[in-house]
Amino acid sequence: MTLTTTPLPADLLALDTRDPLAHTRADFLLPPGVIYLDGNSLGPLHRSVPARLAHAAQHEWGDQLIRSWTGDADWMHLPDRVAAKLARLIGAQPHEIAVGDSTSVNVFKALAAALGIAPAGRRVILTDADNFPTDLYVAQGLNALLGGGYELRAVPNTEIAQHLTPDVAVMLLTEVDYRTGRRLDLGGLTAQAHAVGSVTIWDLAHSAGAFPVDLGGTGADFAVGCGYKFLNGGPGAPGYLYVAGRHLDSAPIAIRGWMGHADVFEMAREFIPAPGARRFVPGTPQVLGLSALDAALDAFADVDMQDIRAKSLSLTSTFMALMEPLLARHPLELVTPTAPDERGSQVSYRHPHAREVMGQLTARGIIGDFRTPDILRFGFTPLYLSHADVWHAVQGITAVLDGAALDGGVA
Ligand SMILES: Cc1ncc(COP(=O)(O)O)c(C=O)c1O
Ligand SMILES: Nc1c(O)cccc1C(=O)C[C@H](N)C(=O)O
């Protein structure tokens, strides 16, 4: 990547100098010459992960073989240990979290459970028309499986509140929109949903690890999320399902498996659920993926999530301010809300040649995302990004947008 020679403004240097999270950058193995603005899609490699994976493969698997399920490695309880680390980040109790499976599978488990405890006779699943595709597809598929008797009411995310009517069985929302970065009011919408008797499911894919989440305090019923984005668990890292403690005994378990049984090796014919949300982990835990996630979560051990949020807002507002002059001379449109409460940890713009722009940025080592149809998406992760990174990224974006190739028009 070509770094600009324009000096870093003193105010940005000052922000980095007094950054309480500056030390955590050294914990991530980022390649030189890269400004990584895509940790909201795949978090980078945490320093502790390679050794942990090597230990899990060579010692726990290679040497200890099957003994690791119950021996020192205690693979059997690895999902529970990861749940304990995750709990603080999302305002949950460890026993309310089932770690394992993809987020998509967890959406299925959550929706089946939520429909099972919703008031009888309700037939509406309320969601965001622009929700991440997997959430929409799972709802469509589960509805088909249940005989098609539900209406999937998909409305703009700015109109959720007015569609929360007493026929809504379940409200299925993603807190932060993956395209625009708009953050919904999790607490407020949960309260409104409860006021009309609806059950809530929150997809925290772009929330957990990016800012504090308080599932317990807001009274949310169910939640799901990814392990490989802001939690840095690595490609294909296990996701998780949150079930509020008050629902554990009544929420139906759609995928019952032997690993969710109270006594796994009893091999009983009857399913007796394990205590806590562990009952929602149906099959054999994904040990290698869980090991990486377990190690990566230590990045948050000594970090105050309020510091993460404060720095995230500082990084995103700095980025928006530095980008502002470009909006006057390029067909760029900011689609992320400027109000701090209404955005997550990403900033997105529409541009008619967004795909080509992101291709050129990536070639310069400024890695963000293109999302259909015309979105340039930049994710900001406070654990390893600085205001200097933001400055250099905007210099690179300026060079690409002002460059002849795009000015000439890209098909
Ligand atoms: C909001 C949201 N939900 C779910 C997913 C997908 O989860 P998975 O592919 O792990 O099932 C993603 C991203 O891939 C996402 O952004
Ligand atoms: N999960 C992904 C994958 O397996 C490959 C490429 C990208 C992803 C993503 O995470 C996409 C992401 N959910 C998004 O917000 O766009």
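Including glycine, each Cβ sits where the backbone N, Cα and C put it.
Please treat TrEMBL annotations as automatic predictions, because they have not gone through curation.
Remember, predicted model here, so these are calculated numbers, not experimental data.
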Q) In TrEMBL, Thr103, Ser104, Phe132, Pro133, Thr134, Asp135, Asp203, His206, Tyr228, Trp258, Thr284 are given as binding pyridoxal 5'-phosphate, so which of Thr158, Thr174, Thr180 is in that site too? A) Thr174
Q: To the nearest whole angstrom, state the Cα distance for the pair Trp258 (pyridoxal 5'-phosphate binding site) and Lys229 (N6-(pyridoxal phosphate)lysine).
A: 29
**Q.** Number of other Cβ atoms within 10 Å of the Cβ of His206 (pyridoxal 5'-phosphate binding site) across all protein chains
**A.** 26
Q. Within 10 angstroms of the C-beta of Thr134 (pyridoxal 5'-phosphate binding site), what count of other C-beta atoms is obtained when all protein chains are considered?
A. 18
(Q) With the Cβ atom as the reference point and anything under 6 Å counting, tell me which of the recorded positions (Phe132, Thr134, Thr174, Lys229, Trp258) are near ligand 1. (A) Phe132, Thr134, Thr174
Q) How big is the Cα-to-Cα gap, in Å, between Phe132 (pyridoxal 5'-phosphate binding site) and Lys229 (N6-(pyridoxal phosphate)lysine)? A) 14
Q: Select the closest residue to Lys229 (N6-(pyridoxal phosphate)lysine) from the following binding-site residues, measuring between CA atoms: Thr103, Thr134, Thr174.
A: Thr103
Q) To which of the binding-site residues Phe132, Trp258 does the lowest count of other Cβ atoms within 10 Å belong? A) Trp258
